[in-house]
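The substrate binding site feature in Swiss-Prot is assigned to 76, 114, 115, 116, 165, 166, 167, 168, 169, 288, 289, 290, 291, 297. Here Swiss-Prot flags 114, 116 as Mn(2+) binding site, drawing on similarity to another entry. Summarising the annotation, Swiss-Prot assigns Zn(2+) binding site to 418, 425, 445, 450. Taken from Swiss-Prot, the feature coiled coil applies to 1-22. What Swiss-Prot lists as phosphoserine is 255, and the listing cites similarity to another entry. As annotated by Swiss-Prot, region 'Interaction with RPA1' applies to 480-555. If you look up Swiss-Prot, you'll see 543-551 marked as motif 'RPA1-binding motif 2', on the strength of similarity to another entry.
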């Protein structure tokens, strides 16, 4: 009896020691003593589009993250939560450590890079030196094309290298500067790496280089023929002057190409011995999944950590830990609007064509000068109605979308009436800001005096027909109608059993699969629903769930 008791006591002591080393995670509950903590929102979705629709209907600032489910099948479920709540659980729950930020389509974002090469295929490559040279080259390009000053101290350098592969993520922390979206980031990166493309082409005449990510396959146009233009955000000149500015940038680009920098250090070999770039150019696609700080790929054991040669150190805050600050800095789409923020663009010719959707008369509008519709064309039309009155025909020069705040910022041209001074500015343009979460719009302007006063007009309600819930409802009705039509025309489409297997590649998930087919798979969302229900139940309980106890005991 005594031996049995001693064995039981020893087992209890071992468990107590285990829990001291690995304590059970508590439940996230915002506290009144910390008003900065957002309410609890933790919702899982089987489809990415459902997750984004929920974000748009949510009044809180929430974000979409992708969680890998199983090794090898490429399937992911999508989590919607706040940065604060994700970090609360992320610190202690292993099942969250295969997590990706979903960089929203059209959203303002940071400049970022994904770097990798096979060490065995490149025995002489010095990864750290290559990273330093790349950062130096990018900083020079930012200064030359956008007059943006930065250095290695403004670059968060994350490492997930193994004995076989060198792997880094670079996220630039530019001061009051961001890119219009990650497509513009990709255009900029491809442009500044042109000398490396040409070098590969000259070394192998049988290969036409292209920058599709992991391999070189096709790059049909020279830099001058491609006509990509660089322009910084001009907020106090009208369209004609903006065109001149762009021409000057192109001239500088041409002169820079005549004395191309040596980018031979960027050329590496894959495991087949084929030449490719050190920079992965496949990470600049819409709704891109980009691995989070401290996450590893599922089935792998090396997470993204701060690199030994990292020179970026976040500003210390008494309310936020250093690790949390690194986490927030690593988020590519974590950019907030401010009057001082400059938005950088890098367009290709296709996006410089005049776009009919902005025209209220059915003809192209010169004032728009080719900027495409925002994600909400109905709101574009509403904004145009605000600046087309009293005989003045204003236009939208450009728009920028801030995903965290669901804020659309429209730069207006040919309409300068300012509520602050009660008349039109003589030379400075205005902005119309549409707050989609709060369903209001207001005016700010680029005039230095108004900026110094931090002027913001009164808020005015959006018409009901352009509010997000109304637009989402219309979108759902359209999708339903389209699905019904597709089912009529294609009765032999793929079955839900086939679609529910989840054997999709990363590329499939990144590029998106036709919603009309995936709608059938919603019946097979038990995985997401079960996970969601368990998490919701977990958040409601004060006691520790049995499932969590079992999981901890088995580790």
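Glycine too: its Cβ is placed from the backbone N, Cα and C atoms.
Figure note: comparing Cβ neighbours within 10 Å for the binding-site residues 115, 445, the maximum is reached by 445. Within the set of binding-site residues 418, 425, 445, the entry lying nearest in space to residue 115 (substrate binding site) is 445 (CA atoms). Between the C-alpha atoms of residue 169 (substrate binding site) and residue 114 (Mn(2+) binding site), the distance comes to 5 Å.
Listed in chain order, the extra residues whose Cβ falls within 8 Å of the Cβ center of the Zn(2+) site residues 418, 425, 445, 450 are 416, 420, 421, 428, 430, 444, 446, 447, 449, 455.
Between the C-alpha atoms of residue 76 (substrate binding site) and residue 445 (Zn(2+) binding site), the distance comes to 43 Å. Candidate binding-site residues: 114, 418, 425, 445, 450. Nearest to residue 289 (substrate binding site) by Cα distance: 114. Annotation note: residue 425 (Zn(2+) binding site) sits in a coil segment as assigned by DSSP. Checked against residue 114 (Mn(2+) binding site), the binding-site residues 165, 291, 425, 445, 450 differ in C-alpha distance, with 291 being the nearest. Neighbour density around each Cβ, counted as other Cβ atoms within 10 Å, peaks among the binding-site residues 167, 289 at 289.
Here the C-alpha separation of residue 167 (substrate binding site) and residue 445 (Zn(2+) binding site) works out to 44 Å.
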